[in-house]
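Chemist: Below is a structure I'd like to ask you about.
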Amino acid sequence: MRTQAAAFLCRVARETKLVLCVVEEKNPEFWRAQAQTTLKSALSRKLNTNVAKNIVLFLGDGMGITTITAARILKGQLENQTGEETVMTMDTFPYVGLAKVYSVDFQIPDSAATATAYLCGVKTNLNMVGLSAAAQNGVCRTQKGNEVTSILKWAKDAGKSVGVVTTTRVQHWYSDADMPASAKRDGCTDIAAQLINNTDIDVVIGGGRKYMTPKGTVDPEYPLDRSSLGKRQDNRNLIDEWISMKKEKVAHYVWNKKEFDAVDPETTDYLMALFEPGDMRYEVERDPLMDPSIIETTEKAIRILQKNPKGFFLLVEGGRIDQGHHASRASMALHEAVALDNAVARSLQLTNEDETLTIVTADHSHSLSFNGYPFRGNSILGKSPLYGQDLLPYTTLMYGNGPGHKIIDNKRPDIRSDYIQQAAVPLDSETHGGEDVAVLARGPMAHLFQGVNEQSYLAHAMAYAACVGANQQHCVATTSYRLAESRSSAPHSSLTSVLSVLLGSIMALFLY
């Protein structure tokens with residue numbers, strides 16, 4: 001009752017714009033009791049050294065630590081709380097570390113270089129994916145011999161199923177229409193074509209229809225929109241090719257929620273779901289009748305993949321967090337982060353922590369800062385109560401650069417009405433940040449994801465936990481030990497039973 005009363009007063013405090021939740025938190029015992037509960041939980045924690053049958057990697061694109069903090073507050077405020085005290089699902093993960101995200105040639109990376117690090121276990125150069133740093137950015141012929149494989153391939157080679165779920169385009173950039181002529185001459189292949197021809201991915205969910213179809217192909221959802229027309233110049237229809245490649249299996253291609261909902265995970269081997277010509281819509285703009293949420297796509301993927309008795313690897317990307325930040329639209333970015341956290345919660349409900357390693361991390365951060373001494377419960381998307389020296393308000397969340405920079409008549413605009421988060425330096429698109437990103441883990445071998453590590457370490461730690469890839473010596477030892485333990489336990493149990501009977505008989509004689 002006391003907790004409920006405190007929560008109620010916290011809601012009242014926010015609704016009436018009072019500055020503090022004054023009931024429980026003013027009592028020192030509130031904080032002491034909370035700390036003791038946390039301490040007991042930490043002391044009772046036992047290492048889970050099981051082999052990870054499954055791995056679910058949640059990747060918040062651009063979800064730096066400031067974004068996590070701001071999303072936590074937003075999640076609470078969406079539930080009519082003050083927000084700061086909110087506990088997100090990812091906050092409950094017991095093991096936390098930091099990953100260093102720089103690329104081989106740049107202090108601040110892009111999503112291609114970081115993806116190569118956390119999926120392939122090798123750091124590389126800016127703008128390069130699936131290649132080591134020995135290759136040169138923009139020089140396609142240098143890729144030969146410098147290719148690196150990812151944990152999706154390692155998992156597939158081990159007999160596991162694999163899947164990718166994203167809120168952006170599944171190719172994330174392009175078709176052959178976007179490739180330089182020199183790259184085509186050198187025989188390089190666009191990402192959309194690689195998607196269906198490299199690793200045999202069981203589940204692919206996101207957007208990106210127009211990158212898969214011939215130039216001028218009319219989109220089924222937006223037939224009058226010229227920007228949604230197919231883009232491919234090689235006249236290939238990769239969707240049809242994918243369907244043909246899977247004709248011996250139960251494979252479904254869908255492009256809307258009705259078709260998606262009709263897919264039965266129990267009878268489906270392969271699924272490709274492309275809900276938009278390009279990126280999927282932001283969560284707050286999504287049409288729930290046409291496009292599923294990231295919670296729904298994550299659930300469908302898990303239900304299809306988990307039928308494999310050898311387990312699965314699933315990458316779930318909250319890709320539009322990044323795009324919201326690039327546009328200085330913090331509201332969009334934070335709602336995307338909240339949606340990703342809700343997907344994490346659903347994933348935990350669908351999997352068994354004894355056999356499933358779940359990781360939440362980011363590829364990089366953004367230039368987002370959280371500043372200005374706002375009162376407790378102040379809207380995370382609002383303004384600081386303090387004004388600048390120019391006697392104008394400023395936003396609590398700000399960017400180091402980006403389209404949020406506005407100077408009108410040699411001064412900042414008055415943002416007491418309409419605004420986006422402000423920025424210090426004018427750019428058409430806000431940039432990434434270079435600080436370390438959080439790595440949160442639970443499940444088998446989650447304790448490996450502690451400390452400050454290179455981002456490339458993550459792929460190796462995941463592979464070790466799941467016994468896939470090159471480093472499997474410990475797996476043989478663990479299996480042998482468990483088999484020996486199993487064989488030795490039966491006679492030991494029988495002997496114990498016999499001794500118990502004899503001891504009981506002797507005691508009965510004495511008592512008689």
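Keep in mind that glycine also has a Cβ here, set from the backbone N, Cα and C atoms.
TrEMBL: automatically predicted annotations, no manual curation.
Pulled these from TrEMBL:
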type	residues	note
ACT_SITE	S111	active site, phosphoserine intermediate
BINDING	D61, H172, E317	Mg(2+) binding site
BINDING	D61, D322, H326, D363, H364, H432	Zn(2+) binding site
Chemist: Given the recorded positions D61, S111, H172, find the one whose Cα is closest in space to the Cα of D322 (Zn(2+) binding site).
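Modeler: Closest candidate to D322 (Zn(2+) binding site), judged by Cα separation, is D61.
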Chemist: Checking your reading of the structure: which of the recorded positions D61, S111, H172 lie inside a 10 Å Cα sphere centred on D363 (Zn(2+) binding site)?
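Modeler: Correct set: D61, S111.
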Chemist: Cβ within 8 Å of the Mg(2+) site's Cβ centroid: which residues qualify beyond D61, H172, E317?
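Modeler: Output for this site, in sequence order: L59, S111, A115, T166, T167, T168, G318, G319, D322, D363.
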Chemist: Could you round the CA separation between D61 (Mg(2+) binding site) and H326 (Zn(2+) binding site) to a whole angstrom and send it over?
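Modeler: Given the Cα positions, D61 (Mg(2+) binding site) is 11 Å from H326 (Zn(2+) binding site).
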Chemist: If you measure from the Cα of H432 (Zn(2+) binding site), which of the recorded positions S111, H172, E317 is the nearest?
Modeler: S111
Chemist: Starting from the Cβ of H326 (Zn(2+) binding site), draw a 10 Å sphere and report how many other Cβ atoms land inside it.
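Modeler: A count of 21.
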Chemist: Roughly how many Å separate the Cα of H364 (Zn(2+) binding site) from that of H172 (Mg(2+) binding site), to the nearest whole number?
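Modeler: Their Cα atoms are separated by 16 Å.
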Chemist: Rounded to a whole number, how many Å is the Cα of H326 (Zn(2+) binding site) away from the Cα of E317 (Mg(2+) binding site)?
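Modeler: The separation of the Cα atoms works out to 17 Å.
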